[in-house]
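S.K.: Pasting in a structure now, in structure tokens, and then I'll have a few things to ask.
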Amino acid sequence: MLDPFLAEARALDAADPLAGFRDDFVITDPDTVYLDGNSLGRLPKATRETLRQAVDAWGGDLIDGWHAWLPVGREAGDVLAGVLGAEPGEVVLSDSTSVNLYKLAVAALDARPGRDVIVTDDDNFPTDRYILEGIAAARGLEVRRVGADIDEGLRTEDVEAALDDRVALVCLSHVAYRSGALADLPAVTAAAHRHGALVLWDLCHSAGAVEIGLTAADADLAVGCTYKYLNGGPGAPAFLYVRRDLQDVLVQPIRGWFGQTDQFAMGPDYRPPPTIDRFLVGTPPMLSGLAALEGARITARAGIGPVAAKARTLTDYALRLADAWLTPLGFRVATPRDPARRGSHLSLHHPAAWQLCQALKAERVVPDHRPPERLRLGFAPLYTRHTDLHTGLTRLRDIAATDRHLTFPIIPQGLT
Ligand SMILES: *Cc1c(COP(=O)(O)O)cnc(C)c1O
């Protein structure tokens, strides 16, 4: 008899309006189930072609190539604006997420003189915590850490309770990197605004996975990477968002020549333009910038509404498999159950999570491991099928049921 879960997966795939997008990606081993698109997305076929042409253009056009390359950061930003629910001219590619976080956090703090507190949560992504701590140490500010549940995420009430008129900046991740818990971006933004603070959102695990609605929420500032759900490629430049009316108010701390008015006049003084360009710094990486543009285009073409809807179907399906097959084997779901409170990945707690990750990889399922003791399974909606989740979780169940993972090392080492 056909496993009813498999029949359901096939039916869901057959009805999936985004099913055709899988063909837009390079898939060299069809038997591998890739559940780590939220660490590094797959290679779009269009990107491979674009990069070939860009390398040729470098070889042939040399310095003249810049005429075509210079606008790419803004062009990709306008495409991403559609994906993030922002307006054209409010998003641009630049630097890395870490560096953008630094630039926008400092710019926000400078716009709130006399206030000396940064609010974040104690379970925020490491780079965010380190950068905020560094800024606070350099300026004698206080970092106020809101307690977040590592499985259930951040409660808006707890953020609100940390707000007062000393708070200059609230800086949080929209989707928590480990649990997949989704913060209430509109509610937190509104709460911070009531207290006169600016909010900086890290969208790394939500861009290309959920509907964000920056304009609808009156969001101030945001940063995020393009190499996860946006399929921009390893180390592709990040994006930053600054709401239009803040663009001529905020001044970022790294005063580079790409953030200068009339850059090639090589003028004596720094005079940033009243646009998103003032948040740029130096010469952008063009090969990976073109890759980020292609990646963004695919998500824009699919539409963030259908992408987010598929993320919900995938996570819901995986949760039901986990409940039926994995919970009896000692796994615990470490992601919120409410579909409105999660992104597009599922975290599973198991005391032998690291060994299970290695065993899965040996059986051609690519998960991620996140301490403490969690398997993180990412479901990139553009190329992940429900049948992939069925295959992947069947292999995980069979490994755990037969203890095949116990032959693998116990201590995590390096990247998974
Ligand atoms: C992946 C990720 C980053 C990555 O920052 P980089 O500067 O690109 O290394 C930052 N924040 C969050 C929440 C992430 O998930």
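Backbone N, Cα and C atoms are what each Cβ position is placed from, and that goes for glycine too.
Automated prediction, rather than curation, is the source of TrEMBL annotations.
This is the feature table in TrEMBL:
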BINDING   THR97, SER98, PHE125, PRO126, THR127, ASP128, ASP202, HIS205, TYR227, TRP257, THR283  pyridoxal 5'-phosphate binding site
MOD_RES   LYS228  N6-(pyridoxal phosphate)lysine
S.K.: Are any of the binding-site residues THR97, ASP202, TYR227, THR283 near ligand 1, with a Cβ under 6 Å from it, and if so which?
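M.R.: So the answer is THR97, ASP202.
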S.K.: Which has the fewest other Cβ atoms within 10 Å: THR97, THR127, THR283, the binding-site residues listed?
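M.R.: Ranked by other Cβ atoms within 10 Å, the binding-site residues THR97, THR127, THR283 bottom out at THR283.
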S.K.: Rounded to whole angstrom, what's the largest C-alpha distance between any two of THR97, SER98, PHE125, PRO126, THR127, ASP128, ASP202, HIS205, TYR227, TRP257, THR283, listed as binding pyridoxal 5'-phosphate?
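M.R.: Maximum Cα-Cα distance: 31 Å.
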S.K.: Rounded to the nearest Å, what's the C-alpha distance separating THR127 (pyridoxal 5'-phosphate binding site) and the residue listed as 'N6-(pyridoxal phosphate)lysine'? Just drop the number here, would you?
M.R.: 16
S.K.: Can you tell which of the binding-site residues (PHE125, TYR227) has the fewest other C-beta atoms within 10 angstroms of its C-beta?
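M.R.: Counting other Cβ atoms within 10 Å of each of the binding-site residues PHE125, TYR227 gives the minimum at PHE125.
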S.K.: By the DSSP assignment reduced to helix, strand and coil, which category contains ASP202 (pyridoxal 5'-phosphate binding site)?
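M.R.: Assignment for ASP202 (pyridoxal 5'-phosphate binding site) reads strand.
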S.K.: Have a look around the residue listed as 'N6-(pyridoxal phosphate)lysine' and count the other CB atoms within 10 A of its CB, chains all included.
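M.R.: I count 29 other Cβ atoms within 10 Å of it.
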S.K.: Using a 10 Å radius around its CB, how many other CB atoms surround ASP202 (pyridoxal 5'-phosphate binding site)?
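M.R.: ASP202 (pyridoxal 5'-phosphate binding site) is surrounded by 27 other Cβ atoms within 10 Å.
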S.K.: In whole Å, how far does the CA atom of THR97 (pyridoxal 5'-phosphate binding site) lie from that of LYS228 (N6-(pyridoxal phosphate)lysine)?
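M.R.: Approximately 12 Å lies between the Cα of THR97 (pyridoxal 5'-phosphate binding site) and that of LYS228 (N6-(pyridoxal phosphate)lysine).
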